[in-house]
Amino acid sequence: MPRLTPFFKRCLLGLAALMALGLLGAAFWLGPARAPGLASIALGFAGLTLVLGALVLRHAWQETADAKRTLEEAIEALPASVEIFDENDRLVAFNRHLVEIYPHMEADFKRGARFEDLVRTSIALGGVPAAKGCEEEWLAQRMAARAKARFNPTEPLLQNLHEDRWVRVHERHTRAGGVIGVRMDVSDLVHEQQRLAASKAHLQAFVLTTPNGVLTLDTEGHVLALNPAAEALFGFEANELKGSHIDLLFGIWMGARLSLESLVGGSQELTARRRDGQELTLLLSVAEVKTSTTHRFVCIITDLSERKRQEVALQEANAQLAKQSVTDGLTGVGNRRYFDQLLQQEWQRSVRHGHSMACIMVDIDHFKLYNDRYGHVAGDDCLIRVAELLRACAGRSGEAVCRYGGEEFVLLLADCDLSGAMVVAQRCLDSIRLAAIEHDASPLRRRLSLSLGVAASVADAQGVAVSLVERADAALYAAKQAGRARIVSSELAA
Ligand SMILES: Nc1nc2c(ncn2[C@@H]2O[C@H](COP(=O)(O)OP(=O)(O)OP(=O)(O)O)[C@@H](O)[C@H]2O)c(=O)[nH]1
């Protein structure tokens with residue numbers, strides 16, 4: 001049968017009814033006595049019209065049943081739970097998803113069941129954890145929300161169910177006064193949101209408590225956010241720095257800008273300035289946060305300033321220690337250890353280059369008498385004074401003055417032959433004489449004097465460095481023997 005529009009069907013039924021009535025009237029009016037033939041024909045047409053009308057009615061009923069079935073199938077095919085309540089809030093239709101969401105209510109979902117009764121049963125069966133202990137109150141709120149949906153149909157309701165499942169309920173009132181409810185299982189979404197909220201809280205706790213400064217920058221290097229540690233580090237408050245360029249903090253980016261991208265994944269030590277101008281040494285690590293909607297850089301800043309200060313102090317202390325280990329504590333010239341090292345060094349150099357080197361042994365004359373006359377403290381001062389004078393005479397590059405022991409000094413002259421060494425020795429002798437240091441107890445003109453032994457040679461790979469010192473020492477002994485206050489060269493002493 002062809003598909004007929006409802007209007008056409010109504011017209012057809014009206015026409016058929018009118019025709020049937022007209023023909024019946026005609027049949028009665030004519031009557032079997034007046035015109036039996038015509039009455040029979042009218043009756044026959046009336047019957048035919050009634051059959052046609054019945055056929056149209058049956059077709060209409062069939063179409064309604066088909067539409068209802070299609071609607072039910074459509075509701076069933078929806079990915080959400082759908083329920084339809086009439087104007088008395090009684091269940092008219094629902095799909096299987098409703099039972100999947102509320103399995104404990106399977107036996108109760110029946111046509112004609114009242115919404116309030118269904119909710120009450122669900123609460124009683126433990127299907128609404130949020131209602132536990134406050135059942136009536138919860139029910140009242142639920143019914144109020146359902147009523148509110150009449151005026152504000154867009155506001156959905158998030159409901160927590162058994163086994164930590166979550167549904168979003170959209171309720172819409174129909175024009176006839178019923179309610180269409182759509183429930184979507186959003187458990188995955190809610191759980192994801194809960195996970196996100198937890199990780200955000202963890203991150204927040206870390207950022208707020210870490211001693212490292214944390215700066216969030218946009219791709220241009222402008223500050224978007226900073227944590228309390230960064231505020232304390234730079235001496236700025238967060239709202240003062242927000243929007244500022246990172247150049248404000250990191251001096252290294254002044255002029256020659258480094259791209260943030262180049263720092264991603266690594267770390268770099270750099271200097272920055274606090275608000276009060278104090279210089280900071282920082283370790284900057286950069287991470288890139290790139291999603292479909294955001295592109296940021298997160299800078300983790302470790303303050304190395306204190307460590308740096310300690311390192312510098314340690315370096316200075318080590319340098320001091322190293323210096324002390326080769327310096328004579330009383331006079332400030334090189335000590336015996338330094339002299340021994342230097343002697344080996346210069347000896348090897350002399351072997352390599354074939355240059356002559358010289359050694360001058362210096363001894364203060366009658367120093368015991370000096371000590372006895374002026375005391376040990378004055379004797380110390382005298383040693384200091386002699387060291388100063390010797391240093392002034394042999395302080396050029398390649399010349400070194402060391403304390404050999406007691407009141408004895410030694411001068412080592414690199415790239416120097418015997419005649420050159422004799423000149424230096426003479427300068428020392430003259431310097432002491434000109435200083436005219438009083439030595440009442442000395443039999444030598446009551447002035448402090450020195451005896452010097454000089455030796456020079458080109459180092460021999462087969463020889464030993466100490467031989468040079470021994471020769472100078474022998475010359476010194478000769479000077480002492482010859483009456484002191486003089487210079488003797490190893491050539492003369494030999
Ligand atoms: N004040 C002082 N005296 C020292 C120091 N080291 C050694 N002496 C003294 O130097 C003196 C050296 O005496 P001697 O070895 O007899 O030599 P000298 O008296 O100088 O006689 P000659 O060397 O033969 O001229 C000793 O009295 C030591 O105590 C020191 O660091 N300070």
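FYI, residue positions are counted from 1 along the chain as it appears here.
Placed from the backbone N, Cα and C atoms, the Cβ positions cover glycine too.
Annotation comment: TrEMBL describes 12-31, 37-57 as transmembrane segment. According to TrEMBL, the feature domain 'PAS' maps to 199-243. Residues annotated as domain 'PAC' in TrEMBL: 266-316. Taken from TrEMBL, the feature domain 'GGDEF' applies to 355-492.
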Checklist outcome for this item: Checked against DSSP, the composition of the domain 'PAC' (266-316) is 12 helix, 28 strand, 11 coil
Item to check | Contacting positions for the transmembrane segment (12-31) when only residues 6+ beyond its ends and CB under 8 Å are counted | outcome: 4, 38-40, 42-43, 45-46, 49-50, 52-53, 56-57
Next on the checklist: For a three-state summary based on DSSP, what are the helix, strand and coil counts in the domain 'GGDEF' (355-492)?
Outcome noted: 63 helix, 36 strand, 39 coil
